[in-house]
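Under the heading transmembrane segment, TrEMBL lists 22-45, 57-78, 98-116, 128-154, 193-214, 234-257, 263-286. Per TrEMBL, domain 'G-protein coupled receptors family 1 profile' is recorded for 37-284.
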């Protein structure tokens with residue numbers, strides 16, 4: 001029953017035509033907010049020399065990765081809804097899968113690097129400039145891109161060697177790796193082993209590092225004598241951690257869940273592919289006085 005696959009069918013969220021305009025408007029609005037919010041942060045950081053610091057350098061890279069991460073899935077879904085077509089070519093599916101893994105991996109590493117940056121700034125303020133020097137910051141970003149590009153390339157090449165049966169239906173709104181592997185007729189053990197290994201490397205290890213950094217930050221905050229200073233710092237860290245938990249919790253859950261194609265699985269996928277990139281500009285940037293001041297000068 002094997003044959004040459006030319007395209008896949010993405011079922012999306014609903015087969016009911018009445019729900020399509022609502023879904024189109026909802027995802028289009030979230031996508032526009034994501035792109036606009038992250039572009040404003042990149043513009044603010046690039047235009048103000050006072051923001052050329054490690055924290056804002058990582059933030060601008062995160063904003064760029066978020067724009068690309070969301071752009072790999074949402075525009076294709078919007079086109080399919082508008083044209084009432086569910087198809088995506090085989091080459092388009094593999095390409096979407098590749099860039100999705102690239103920018104998703106960069107996101108995970110950058111969130112970890114930003115947590116480490118805040119840990120050094122709060123727990124070792126006197127040595128901050130020495131530790132977070134431009135060379136280290138550049139290396140951290142380059143390593144994040146290198147690992148993500150390498151893993152995505154290997155996983156995509158492994159996908160190209162698979163043969164598929166006559167069932168080409170992916171019960172998702174984008175070409176999700178685990179769902180595509182379930183359609184293969186050939187042996188996918190190597191793909192699954194690599195997938196679980198990289199889930200640990202890109203998910204569990206960075207998440208553990210973030211928790212460690214923020215636990216040390218919390219212990220340092222408790223030693224602040226000012227009650228106002230404690231409240232302000234705690235509120236900032238709590239908002240950062242809420243986004244981190246949303247991103248890592250739903251992302252790791254989707255990749256480790258045996259039923260990621262269910263309604264709950266797709267909602268979890270939306271949380272870390274669409275909602276988190278939309279919230280990042282508000283949590284990390286637009287609540288920041290320096291970012292607001294830079295945007296006021298530009299606009």
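All residue numbers here begin at 1 and follow the chain in the order shown.
Including glycine, each Cβ sits where the backbone N, Cα and C put it.
Within its own chain, the transmembrane segment (22-45) has Cβ neighbours under 8 Å at 12-14, 51-52, 56-57, 59-60, 63-64, 66-67, 70-71, 74-75, 77-78, 81-82, 274-275, 277-278, 280-282, 284-286, 291, 294-295, 298, counting only residues six or more beyond its boundaries. When each of 57-78, 98-116, 128-154, 263-286 is scored by its Cβ pairs under 8 Å to the transmembrane segment (193-214), the top-ranked stretch turns out to be 98-116. As a whole-number mean, the pLDDT of the domain 'G-protein coupled receptors family 1 profile' (37-284) in this prediction is 85. Long-range contacts of the transmembrane segment (57-78) within the same chain, counting only residues at least 6 positions beyond its ends with a Cβ under 8 Å from a Cβ of the stretch, are 10, 12, 24, 27-28, 30-31, 34-35, 38-39, 41-42, 45-46, 88, 92, 96, 99-100, 103-104, 106-107, 110-111, 113-114, 117, 137, 140-141, 173-174, 273-274, 276-278, 280-281, 284-285.
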